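As structure tokens, the structure follows; a few thoughts come after it.
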Amino acid sequence: MMQVEAIHKAIDGRPILRGISFTIEPGRIMGLVGRNGTGKTTLMRTLVGIYDPDQGSVAFEGMDIHKYPELKRDVVFVPDAPVALEAYTIRECAAWYGQIYPSFDLFYFTEAMERFKLPMNKRVRTLSKGMKMLFSTALGLSTKARLILFDEPTNGVDAVTKKQLLSLIVESLRKDSSILISSHMLNELDRIADTVVLLRDGRTDETWDLEQLRQHMKKLQVVFTATEPPAWLAREDVFVLQQVGRVYTVMLESDEAFTALKREEPMFIDELPLSLEDWFMWKSGGDGDAA
Amino acid sequence: MQRSIFVRALWWKEYRQTRVLLWLMMIAGFFSTAYLHMREVWFASPQVIVGLVEYLAKTQETNWLLHRNYGGFMLLLVLGGFLLSLWQLGHERRNQMSEQTFALPYPRWVIYVTKWLVSVAYIVFVVTASVALDILVLKLSQVGAYVHVIDFIGRGFHIIFVTVAAYTFTLFIGSFTGTWTLQAALSIISLFLYEFFTLMLQQLLYIFMITPIYMELRLRGTFWEKFNLTNWVFHEGGNYPYAFVGVVSLLLFIAGMVLYSRNSLENNGKLVLFPIIEKLFIVGFVLCAALFSGNLSYDTLYPGRLGYAAGAGLGTIIGYIIIRTLTRMRVRT
């Protein structure tokens, strides 16, 4: 659906994106994770043609989105706050989007507004942060565009609204559509994303299919007999998430590592549920800062 | 792919964003045309009205009916056009509004053309409505027989031409400036730029004895005089340079469209969006600072070449420091 090829982008002479490449497939929810300042928002803005890349290309169905802006009828960007729409009423926004996006579903939008008890004649600026995000998410989804990009949709919203937001997003996914979400909230992506792209130093470090990730990786709690940490812990495919005395919480990237662990004959091995946050902590440099 | 120049959604957006200015321009138009005549030919005492009719019958001088060629009306409209350009481009660079605009499925040049067309439509509408109402007010009065509609139409066309040209100029400035404040400042400065350079260069030439004291810079009728925005608006006498202003406006419109299409929104909040224009801007600013300081130093500290040179040197340094500080700053957007 969308092919991102070696995107480079510098802002104020500082390289932000340094060779981003990945593909978005239809029928999938893709998560975009990375620490603060890794260029998630810059990347999203480049994908929808707000920023022009210095190098590389963004193709939607094989056509360059920067050369053919008409393609954006099917590629919609939902920013982290609907600041640009604040002067309008909800009804005006819906009418305007109806003019822009040919597949705009007014019925879906009105129903969503009723569901969240948002009056149509209310100005966007008078809504609370959570309401604004519910409104802009519903507005973006109502376009029925084939690719919708959400920039931190749950940032700063309460737990109830977050749940409503995420269910709205997941429910809207069709076979021929895709959703790209950048989020700090890894536990949320863990629940809804099919694929995750990790941004590090402006590069797409890794792209993981979460299903494969779970099959591929293991999170274990291990207690070794010896007081000294074994050499096994220094393997490249092993990452120590936590250590309390002789109790280690580790992540393993290969079956060989698990076989090698068994050879060490530890006192105790317990498999723990793997979360995206664990994987992110490993891949983002290990200090566990939020994405 | 098929592209249309008329995009309803963009027209709606522009109208919704700037409609307050349309109504303000309408009110300004009414109070600077029809209302003035209503006071003179409807609400004045019968003696005054009779006096007017007698004067018109005797002299056949109907030109005064145009109220000094609608000078005040035209100035208010030029101001309205200036505010429109600020609202459409400079203001949009704040609060992620231009990001939203660039995310829309339309080519950037179509967005720029729509902004221009919407404003031209406003100007044409306001002038047409105001002049038509004014004609109606006069026709329904006792001086109605002396009203020549063709004079009003001619003046109306001139006002539309001047206002659109001035608006195109300020919109062009907005196509490469990163903040509404610089767009406003540069638009206002450009009104005085010609006079400033004329004065400063004349002084420079005189101080360095390149031309004798009595010799003035011969700029009348030159490109530089015609290119002067003040002359576009305040041109007096006949021979208005319609062809020149028309061609320059067209070129500025095209240049603005090209620059807007290449806007790097990541530079919003900086003074100038394009590095090359930023360099030109720095050079221009430093030059103005040097000329001004040299002149100031010559007039107040030491009336000689040395005084001028020292002042110009100091002005260059201070001007450079100021402009470098300003160009490195970024206004929060």
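Cβ from N, Cα, C; glycine included.
Residues or ranges marked as transmembrane segment by TrEMBL: B:20-38, B:70-89, B:109-137, B:157-180, B:192-215, B:240-260, B:272-294, B:306-323.
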*Which stretch, B:109-137, B:240-260, B:306-323, tops the Cβ pairs under 8 Å count with the transmembrane segment (B:157-180)?*
B:240-260
*Looking only at residues six or more beyond either end of the transmembrane segment (B:70-89), which have a C-beta under 8 A from one in the stretch?*
14, 17-18, 21, 24-25, 28-29, 32-33, 115, 118-119, 122-123, 126-127, 130, 155, 159, 162-164, 166-167, 170-171, 173-175, 180, 183-184, 187, 233, 260
_Positions whose Cβ lies under 8 angstroms from the transmembrane segment (B:20-38), at least six residues beyond its ends_ = 65, 67, 70, 72-73, 76-77, 80, 83-84, 87, 122-123, 125-127, 129-131, 133-134, 136-138, 141
